[in-house]
Each structure stands twice: as C-alpha cells, then as structure tokens.
C-alpha cells in the first residue's frame, strides 16, 4: 500500500472515530443502563475459563475454538466444512461471545466474516444473538456490501420482534459500533428495513433517534419512510418527516398519498407550495394531480393542468393521455375523449397506439361502429396499424347492429392487408347472417373459414340450424346437425333440441320419432329438455287427434 493511500485510510478512520464519539455523546439514552442489550466484553479481555482446558489437545480445548476457526478461515473458507467434524466436541462452547470474537478478527474481510456467520447459522444450527447480527451488519456496511447487510438487518429486525425482552435495534447497533468499523449509513438502512417490514412506527422512532444524535438521513431514506407512511394512510405523520428539507420526489410522494385519500385539493395546494419554494414540477408531479382529479371525475381541472403543463414546456406522456381519455370514458363522454385526442395531436403530442386501441374498443362496446370506423380511417393516415383484435371488435360491433355488409367490407380489408381473419370474426359474421335470415351467405362464410383451416364451434352450428328451422327447411337443418357431428365431432344437444322443438310445435310426431332414431345412431343422447319437448309434442298431438275425432262425430 502506498503512503498516500495509508494517509487517506488513516484520515478516514480518524474522521469515523470523531463522528462516532460525537454520535455516542448525543445518544438519548444511557449506555450503561438504558439498553436492554448488554455490551459484550472487550475483544481483548478473556472470559473466565477453566485453566485445566489447556491440558487438552487443541481440537478439544474450548479456549482454542476461536483460534481454530480463525486459522481455518484464513486458509480457505471451505475448510470450515472439514473443521466441523474436527471440533465437534467444542461446538457447544461456541457461544455469542466467541462468535463475536471471530467476527471482529475478520472485520476487514467481509467475505470471510459473512461465510463464518452463515456457517454458524446454517451448518452448525446455532442461532446467533442480536449483537452477533449487529456486528456482521456493521462489518458488511463498512465494506459497502449493502444488499447482504440489508438482508441480515431485516433478519435482525425479525429476530428482535420475536423476542420477549423488547430489545431496541437502534440502541444495539450504536452500542456494538464502538468495537468495530462503523458507517452511519447503517441507520438509514435500518429505517428502510423497518419500512420494508411494514413496521413504519418503528421507522419513525428510529428516524427521530437518528436526528437527535446528529445524523441527517438521506433524502432517499426520507422518501422511503414517506412512502411507507402513505401506504398505511398515515398522512398526518408525514409532516413529522418534512423536518428534513423535502425535494421534488418528497413533495410528489405526499401529493400521491393525499390523492389516494381523495384529498386532491390539499394535494394541489401542496403543489403550489412546492412551486413557491422554487422547485420546478416535472411530468410525474403533474400526472399525480391529473390522475387524482380524473379519479374524482373532475375533468375540467385535469384538462386545465394539462394545458398548464404544456405551457411550461412539459409534453404530456402516454400516462397523461391515457388517464385523461379513460377519465372521460368513465363518465360516458367518449366524444370529449375523441376531441381531447384531436387537441393533443394539434399540440403535436404523440398519442400512443394503446390509447387509440382503448377508444376504438370503447366505441365498439357502445355499439357505435361507424364512429369507430371513422376514427380508424383518420388515424390510419398517421401510420396507426390496428391489431387483429381491433378488427374483431369492429366486426362484432357491426354485426350486433345487423350491419353485416360493413362487417364484410372490414373482413375484405383485413384480407387485403394480409391480416388473418380468425374464428371470432367469422363467427360474428356467420351468426349475424343467420339472424337476418341469410343462411346461404352464412354457409358460404363457413366454407371460406374451413378453407383457412379454422374449425367451427357449437355456436355456429346452433345459429345455422336455428336459421333453417325458422325457414321450415327441416331437411337442411338435420343435414347441418349430422355434418357437424360427423366432420367435427360436435354433438351439440342445444342444436338437437332446436330441431326437436320445431317438430313438436308442428305436431308431426312421426317425423320426430324418425329424427330421434337417426340422431341416436349418430351418437346424440336426449336430455331432460328433449324429453320435455317430446312429452309436450305427444300431448299436443293427442289434443289435436281428440279435436279431429270430436269434429268427425259432430258431422
């Protein structure tokens, strides 16, 4: 190591020592009596151990357990696995004090220290004490191994929470820090750890303790605590953290929490206070307020904020556009949503395709396919390419409005653009054609569908049979039912019952019995509804016969 690097290291150690001295002198508790966690003996002092142990071999001498483990760690961390068998009689003597002594010997080698700590926990099955956790957390934090330090700090929080003696992790970390390298960032991590565990009240308590001893948590830590408070709806507690000068992120987090509480007006006042302090709002802070107003249905205020944002040189992003469009749509004001999109385009704001998709689908669901088609024609000029799902929505909407001709034009457009027409579109077209009595056109569409290797479903079978039954073409209806059963193994009982019901309504029981025989040979089985239709048909036929008999007798 060079002299310059030695001087730098010495300067850092002196600075840390001075900070630690000032830090401990400002502690709001007495280190001698207030903490429930007792400090360990100085690492240089030795506990009282039976001197007769020294007569034993090293691997059986409890006085040597720390030396044996340290020696194995220095050689190779993998040696610990072999050492376990060698020192098996000594493992009961590996207590909290001995674990700490080993950790302090390797405080400049965080890898070896963490390897040893995990070996104790996982391989030996020894539960480390809370101050063992404190030392390993200090060692890892000093070595900038923050992820592992945070993981073990969270374990320490759980460990203390489950204990009955109500230890204070903050006090424990401070008291243990005097024996090892120390970085105040560990207290920022403790606050974050409490928030991560949902223990926000403990996070606030630690935040206050850290402030009292002269350490200022980072803005990131403050924002983390604010977010934790907001998630639990502790809005009033947030102002206790405003004790640190908030930045833009802090203000935005508070505004977000107020908006979630449906206190958008207060959030807007906070927004003005932030601007007054000289902080320039960004897209996130504007979006927070715009979203809050939209959720309350106050679209006028939302749109005003959008204009203000554009006036300040901030272009709305996809979130801004979507939340405004959806806000209008929830109020059933799709025309206003469309006008907004036109206005955004006039401001040269890029409108994402998913917003166009949302508008198209919303118009289709309101059965306004002509408005949706008009929108499609306009935005296609700007390069918008609708997905197959959008075409399906349009075709289904046209079909629900019985505008099959327009739906067929869209299908032709899809084919021209080499967009595959799927079952959803074909089914809508076939079923709609059947409903308006165009059975031949429906069959033609089904043939086209089959050529595209798309198989029909039971609903298509049902609609075709219903259409032919309405036209009293029972032979064609039965052939369709047989065709679906033989070719596609579609045995739709509802389709079969449509035929049965039609025959019973006509009173022609001979044809009905013949149908039943033919259908049972194909594999159709009657259900309770089939039986009901047959019984009603027999009763109807009997009444008709009785009526004819009475008429002939009267003559």
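Placement of Cβ uses the backbone N, Cα and C atoms for every residue, glycine included.
Taken from TrEMBL, the feature repeat 'PPR' applies to 183-217 (among others).
Secondary structure of the repeat 'PPR' (247-281) per DSSP (helix as H, G, I; strand as E, B; remaining residues coil): 26 helix, 0 strand, 9 coil. If you look up TrEMBL, you'll see 247-281 (among others) marked as repeat 'PPR'.
Same-chain neighbours of the repeat 'PPR' (282-316): 248, 251-252, 255-256, 258-259, 262, 264, 267-268, 271, 274, 323-324, 326-328, 330-331, 333, 336, 340, 344, 347, 349, counting only residues six or more beyond its ends whose CB sits under 8 Å from a CB of the stretch. Sequence annotations record features per position, and here TrEMBL assigns repeat 'PPR' to 282-316 (among others).
Per TrEMBL, repeat 'PPR' is recorded for 317-351 (among others). Listed as Cβ neighbours of the repeat 'PPR' (317-351) (distance under 8 Å, sequence separation of 6 or more from its ends, same chain) are residues 283, 286-287, 290-291, 294-295, 297, 299, 302-303, 306, 309-310, 358-359, 362-363, 366, 368, 371, 375, 382.
Positions annotated as repeat 'PPR' by TrEMBL: 422-456 (among others). Long-range Cβ contacts of the repeat 'PPR' (422-456) within its own chain (Cβ-Cβ under 8 Å, at least 6 residues beyond either end) map to 388, 391-392, 395-396, 399-400, 402, 404, 407-408, 411, 414, 463-464, 466-468, 470-471, 473, 476, 484, 488, 490.
Per TrEMBL, the feature repeat 'PPR' maps to 492-526 (among others). Remote same-chain residues near the repeat 'PPR' (492-526) are listed as 458, 461-462, 465-466, 469, 474, 477-478, 481-482, 484-486, 533-534, 536-538, 540-541, 544 (criterion: CB distance under 8 Å, separation of at least six residues from the stretch ends).
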Across the whole of the repeat 'PPR' (492-526), what does the mean pLDDT come to? Round it, please.
84
Write out how many residues of the repeat 'PPR' (492-526) are helix, how many strand and how many coil, based on DSSP.
28 helix, 0 strand, 7 coil
Summary of DSSP states over the repeat 'PPR' (183-217), given as helix, strand and coil counts
25 helix, 0 strand, 10 coil
